[in-house]
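Peer 1: Once you've had a glance at the structure underneath, I'll fire off some questions.
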Amino acid sequence: MKFEVTILGSSSATPVYNRNPTAQLLNCNEKFYLIDCGEGTQQQLIKYGFKASKIDFVFISHLHGDHYFGLIGLLSTLHLNGRVKPIKIFAPAALMEILVLQFKHSETIIRYPIEFVATTADNPSQIFENNDVIVETIILNHRIPCTGFRFTQKKRLRRLIVDKLEHERIPIEYYPMLKRGVDLTLPNGQVLKNIDYTLDSDEPKSYCYCSDTLFDERYFSSIQDCDTLYHEATFLHEMLDRACQTHHTTALQAAEVAKIVNAKKLLIGHFSSRYKTLQPILDEALTVFERTELAIEGVTYQV
Ligand SMILES: [Zn+2]
Ligand SMILES: [Zn+2]
């Protein structure tokens with residue numbers, strides 16, 4: 001099952017040096033989850049070959065413009081392109097007010113349903129579940145209410161050893177029960193031990209998205225043992241004072257978080273416009289956590 005994230009924007013605050021404000025597209029079993037939607041996100045989707053119409057879920061971390069200014073444009077385009085299926089948006093409550101106001105004054109009546117779910121930044125909670133994934137909020141510490149999101153795959157059914165089943169001419173109607181792990185007795189008395197005909201499915205993985213935040217141990221339990229941690233790394237550590245004032249994290253701190261929570265892999269992004277080249281940011285994080293990569297636009301990372 002596919003579980004991968006494509007970076008559509010990795011800049012903080014403003015678009016600069018060909019870096020766009022924050023947006024990511026998570027593909028979980030060919031369902032698409034847009035995480036934040038900075039200005040220019042729909043252009044980025046086109047540039048990297050994704051169809052906006054395939055996005056059914058949008059998660060907005062907080063209401064600083066670099067995380068949602070692209071949303072009204074994207075929603076309008078979906079409307080103009082004749083979308084009829086609903087879109088589900090998880091975001092701070094005030095975002096709906098903002099959208100309603102924008103649609104009101106442009107006299108736009110969106111012809112598809114927007115199912116809005118208000119997030120709150122008080123306690124971490126599960127906000128979504130389908131057959132593929134569970135989504136929980138991560139309570140971050142920023143200047144305004146801000147939640148990250150943890151996406152955890154659901155455990156899949158067991159995998160059939162099809163060659164063996166076909167070779168022994170086991171009727172296909174028994175396959176679903178075998179997938180569920182059941183031992184079977186056939187009408188002729190033959191016993192099929194499940195373990196002989198199936199393999200365990202892959203262990204479920206999890207992706208944690210931590211957008212703007214201070215280094216704050218209160219959110220660490222929400223991201224413990226994740227497979228891929230995306231964490232903002234707005235500044236180099238020499239700018240720690242500035243990071244604290246603006247409620248952001250340094251590259252060194254992001255790497256410390258990854259180490260403390262036992263993440264398997266760290267992706268860093270949300271780079272300040274003061275950095276034209278990103279290598280120093282990567283180098284700094286690597287001193288603490290060696291499985292670190294830069295979140296580069298257009299690149300797809302396996303969770
Ligand atoms: Zn930001
Ligand atoms: Zn912010």
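Positions of Cβ are set from backbone N, Cα and C atoms, glycine also.
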Peer 1: Could you look at Asp202, Asp212, Asp216, Asp225 and say which one TrEMBL places alongside His62, His64, His142 in the Zn(2+) 1 site?
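Peer 2: Of the residues offered, the record points to Asp212.
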Peer 1: Near ligand 1, which of the binding-site residues show up if the criterion is a Cβ under 6 Å from one of its atoms? Options: His62, His142, Asp212.
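Peer 2: With ligand 1 as the reference and 6 Å as the Cβ limit, the list reads Asp212.
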Peer 1: Just to be sure I understand: of His62, His64, His142, Asp212, which binding-site residues have a C-alpha no more than 10 angstroms from the C-alpha of His270 (Zn(2+) 2 binding site)?
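Peer 2: Cα filter at 10 Å returns Asp212.
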Peer 1: Of His64, Asp212, His270, the binding-site residues listed, which put a C-beta under 6 Å from ligand 2? Please answer none if none do.
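Peer 2: The qualifying binding-site residues are His64, Asp212.
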Peer 1: Have a look at the binding-site residues (His67, His142, His270) and report the one with the fewest Cβ neighbours inside 10 Å.
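Peer 2: Among the binding-site residues His67, His142, His270, the lowest count of other Cβ atoms within 10 Å belongs to His142.
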Peer 1: What number of additional C-beta atoms lies within 10 angstroms of the C-beta atom of Asp212 (Zn(2+) 1 binding site)?
Peer 2: 27
